[in-house]
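What TrEMBL says about this protein:
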type: DOMAIN; residues: B:36-282; note: domain 'PRMT5 TIM barrel'
type: BINDING; residues: B:Tyr317, B:Lys326, B:Tyr327, B:Glu383, B:Asp410, B:Met411; note: S-adenosyl-L-methionine binding site
type: SITE; residues: B:Phe320; note: site 'Critical for specifying symmetric addition of methyl groups'
type: DOMAIN; residues: B:458-634; note: domain 'PRMT5 oligomerisation'
Number of protein chains: 2
Amino acid sequence: MSASMDLSRMCSVGLLTHECFDDLGNFIVQAEEAGHDFVVTPISHPTFRRVLNEDNATDKETQENWKDRPVFNRNDLVIKSAEWSGKAIGLLANWIHLDSTNAEIRLCSELALKQEIEWACHISLTGLIFPSLPKGSLFNTARAINNAVRSMSFTQFLVRVPLTDKSAVQSNLPWKQWNRLRTLTEYNTKIGVVLELTSELPIDEKLLNMWLAEPVKAVIVPAEIFVENSKGYPVLTKPHQKFIKKLMDKMKPDMIVTLPNTPIHKLATPSSYSEYISFLNRNLPELQDVDKFATGYQDYLQAPLQPLMDNLENQTYEVFEKDPIKYQQYEKAVYKALMDRVEHNSDIVTTIMVVGAGRGPLVNCCLRASEKSERKVHIYALEKNQNAFVTLQNAKADVWGDKVTLVFADMRKWKPATQCDILVSELLGSFGDNELSPECLDGAQKFLKEDGISIPANYTAYASPLASTRLNNNVAAYKDLEHYETPYVVMFQQVCELAAPKPLWEFSHPNKQIDVEPMNNLHNVRYSQVSFDVEHDMVMNGIAGYFESVLYKDVMISIRPETHSPGMFSWFPIFFPIRTPVQVPQGSTVTMDFWRLTDAKKVWYEWTVSVYGSGGQEMTVLPIHNVQGRSYYVGL
Amino acid sequence: MSASMDLSRMCSVGLLTHECFDDLGNFIVQAEEAGHDFVVTPISHPTFRRVLNEDNATDKETQENWKDRPVFNRNDLVIKSAEWSGKAIGLLANWIHLDSTNAEIRLCSELALKQEIEWACHISLTGLIFPSLPKGSLFNTARAINNAVRSMSFTQFLVRVPLTDKSAVQSNLPWKQWNRLRTLTEYNTKIGVVLELTSELPIDEKLLNMWLAEPVKAVIVPAEIFVENSKGYPVLTKPHQKFIKKLMDKMKPDMIVTLPNTPIHKLATPSSYSEYISFLNRNLPELQDVDKFATGYQDYLQAPLQPLMDNLENQTYEVFEKDPIKYQQYEKAVYKALMDRVEHNSDIVTTIMVVGAGRGPLVNCCLRASEKSERKVHIYALEKNQNAFVTLQNAKADVWGDKVTLVFADMRKWKPATQCDILVSELLGSFGDNELSPECLDGAQKFLKEDGISIPANYTAYASPLASTRLNNNVAAYKDLEHYETPYVVMFQQVCELAAPKPLWEFSHPNKQIDVEPMNNLHNVRYSQVSFDVEHDMVMNGIAGYFESVLYKDVMISIRPETHSPGMFSWFPIFFPIRTPVQVPQGSTVTMDFWRLTDAKKVWYEWTVSVYGSGGQEMTVLPIHNVQGRSYYVGL
């Protein structure tokens, strides 16, 4: 249990009722007394259903008058005034049938929906919940909702989606209906999800985790899914607890409980259910350093660094030097290299060149490794950023002394007098080669003796298909081609990987294939095609990229989820958008084609995605993105 | 056979050779003497293949030097100078392998491709032909072509595509490869097709007609597919002739023939093949009036008329009054209505109101029908356009006299003193109701007696899925959302319907369901979902719309292809774009959802398209287009 409670992680807890209370104020007071922050209640009484005129009981004039100017009779309303609007979320009528085959019922359903929404907006309700989506076609439902939410600003529109369908618990039927709705409404940011948990959960965790990629703004935990513990109190099963905690951690949704009509848990009181939810909320797994470091950056799109073209700022160095793991791994790598290269008690001085020394953290690593291994070293610290170079001079004057020689130069151009035994660099980006480590080390490897060691020895780019409504919308908000063809560095939060990442390509150093002065950069061109089998119906919004790097022998650093160096926070993943969301039907194969390309002045990526059915038929092919680096490139 | 030859329909005819002539000038002179307008020849000799270095015969330095600065040895070139560039199309090397699994061969292939293209552009060749696409993956081919054509402006890039694949003549395998290429390159307008005919043709005409939707810039007719006629001359089979004529008629491609290496047709001379092609070209089916009328309008996107909001110009009336069929049908309809309504020799005067009389063509129809049927009539001619009304006054003064009463009014507001027997209007748009005929006639039907007749009696909107690269590109050229969500009136030419149109909805007049003064327009809301089974792999670029109308009993007018009134040219079809091309795999179902919607001020359509696999799985769902009429509407 965490010592101090983090208020920023606490979810509001509300009480849902389908009953239509005449005295709503009284119900709200009672709900608050039982520890609820808000209530969820129908907006109108079932009497309002007469406007559908299903039984033709209403005279034509009355009906036509209503259709022309829909106005509420106050007796039809449960939420009668703005008095409680801050405390209440409204349930939209569950009898509307927007995809009825009867045109008149469709039309009147839409008018009734609009009438409820307009009233809710008029009294500034914070939220509205649309009933569970019908099975089958919901094209007119989607069209009507899409039109109706256009005028909404303050009030949030949520669609109720059960986690599972009774007829097929181990599938994602309700998600498919939601997916169809949001595809038809083009990821309308005014439409969110309230996810209703069910007693049975799918066993395949993917079917749960895919909700992390959806705009889940609230979660309903009905009393009926609670079980009784040995003492008679209502509790949730372990899988339910785990899933709810994950939702709380990633989405911070409003939590909504219900009370049973007739008692089902012996010792339950009206506050038991909300208290249990709050208990789970207080007991989320503690935040990691990396999470704290990343606060505010989750799912935020950052442009990747271009350290070759731009000089880093002091603050950037400051942040990255604090990584508790990265420099530990570098120290280990240098230590092992020294141990392998020089015998104990030898007088040999190993020459180490740190290329791109920044403010000196790698120099310190090398010095610590030298001390620990009891091997003598001399270090050249090379840096092209004039500002960082001042800090290096300070360190040399104050700490390093003669053990370190400073060189102010660009590693691609410097001509050293001697060669080194070990070349140490930290030029990796989130995708490995995306900050031009290959090009820089091509230039620097002439500093290295024939049998010298490069740390890192190699690095591999990984990619996987990703779903994320939030990332999709963040890119779409820019409304231009460029942002759809630019990779971003992102701390993933509300995302779901459709399949585990696969390797695209690798770079190894030193590269024995190239000349001392390579004429051009063609040897750093890469192309890879990778395919992923997808078991469930899913949607894809982009590509997640990672790297994995061998520093030296078994010393690695990695941000690939499966092998992520624990606690290392220097790199967030990289995210490559795609220009339209892609439907990925059950049993189909997602193929990605990825290129790393270059001309005399720049390096860029191009990528595309295609989907094939189980019979191999082409379902979707996206155009190749970022043709000739038109939207994004890294300058040489 | 047409009396006068229409030069604007004549295609150039070229001669293709794969031989590498040392004296290209001589070959061109010979080809011209044999009646060819141009030649198609390799750009480089097979010796150039050495740059792939497949056998590692080239020393490393030479190879690396070439890779860095690819320059031609003049002995490698067949087209050595710009001297013949106006007379020659170049064949790109057929040994490049851009999707080789060998990265070095991929790279050198791309460099060689670029080198040939750059040379061809330097000497201003009019065109370049890329060899037939490889089977299997062609992602890197697509990427390399897409990049290579970026710098091309004058010279046209064409991809050679055989009409059929020997392994599967009754399918569209080569088209699928082409489709993948153009999808990956996002309908790049710089990439066209040269279609190579094959001996065997697919029996299903759809597999031929789908090429009419592609950017076929040239057609190769190899000597080998000619057969010998009874006299020993080379001719083509009837199906080949028919298909070639269709291509000539719709696409006006460059035609390219070959000569056999060893004679295969007894009496063939070097000019036989080109002469036969020119013979077919001279014997295209004669142009219809409607084609002449439409010259220059083929596949051109016109905004539909909004006659309710805007007044038509005199010229517009002038054009539409010339329709030879439309007014004939109206006359017939009025004639039959008069015959049905009034007995022979009766003195009863039938009151006819022509609403939206324009410059009076329908008034003349009614007068002719009256004369022919020997039934007395009095006609009210109602018009809201003050300019057209002057023409009506002229007609009354000069011709009509007392038989016609002129009324200057908007039919939705005029209050007549008497009611009429027959209400005649011509308010239909290409989609039937898209120029607001329903709303206008709702307002006008109060002029009609209880048992009166409306001409037209009803009209139905039809829609079908359509492929068309040209229409796709015409819409895409605008680069904004609005143009993707606006319907256009288009004279279709380079299009292919994926399936026959189906009816969406109908309007009937008079509408007995509504009050004399309807409060609102909700009764004119429509929604329809239609599905189309598609037999072959296809692509869909938009929706074709048509109307069919019953004027009176069996008197119809229609622009639906299956029932099109022969010779009627007043309406081109309507085209609804979709925002991204949709892949339609073999055996899948295309579903369209279409809405006609209204509020107090406007009428608009929304539409969407989705594709389902044979198992019902969702492959593609497009967002709903033109939400709330945001991009296009018709003002009330």
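Cβ atoms are placed via backbone N, Cα and C, with glycine included.
A map of TrEMBL features onto the structure.
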residue	record	DSSP class
B:Tyr317	S-adenosyl-L-methionine binding site	helix
B:Lys326	S-adenosyl-L-methionine binding site	helix
B:Glu383	S-adenosyl-L-methionine binding site	strand
B:Asp410	S-adenosyl-L-methionine binding site	coil
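Geometry remark: B:Tyr327 (S-adenosyl-L-methionine binding site) versus B:Phe320 (site 'Critical for specifying symmetric addition of methyl groups'), CA distance 10 Å.
For B:Tyr317 (S-adenosyl-L-methionine binding site), the number of other Cβ atoms no farther than 10 Å from its own Cβ, over all displayed protein chains, is 18.
Cα spacing between B:Asp410 (S-adenosyl-L-methionine binding site) and B:Phe320 (site 'Critical for specifying symmetric addition of methyl groups'): 21 Å, rounded to the nearest whole number. For B:Phe320 (site 'Critical for specifying symmetric addition of methyl groups'), applying a Cβ distance below 8 Å and a minimum sequence separation of six or more within one chain yields B:Lys326, B:Ser570. Taking Cβ-Cβ distances under 8 Å and a sequence separation of 6 or more, the neighbours of B:Met411 (S-adenosyl-L-methionine binding site) in its chain are B:Val355, B:Gly356, B:Leu382, B:Lys384, B:Cys440, B:Gly443, B:Ala444, B:Phe447.
In this structure, of the binding-site residues B:Glu383, B:Asp410, the smallest number of CB atoms within 10 A of the CB marks B:Asp410.
Across the residues the record lists as binding S-adenosyl-L-methionine (B:Tyr317, B:Lys326, B:Tyr327, B:Glu383, B:Asp410, B:Met411), the two Cα atoms farthest apart are 24 Å from each other. Looking only at the domain 'PRMT5 TIM barrel' (B:36-282), the predicted model's pLDDT averages out at 95. The binding-site residues under consideration are B:Lys326, B:Tyr327. Their Cβ neighbour counts within 10 Å are lowest for B:Tyr327.
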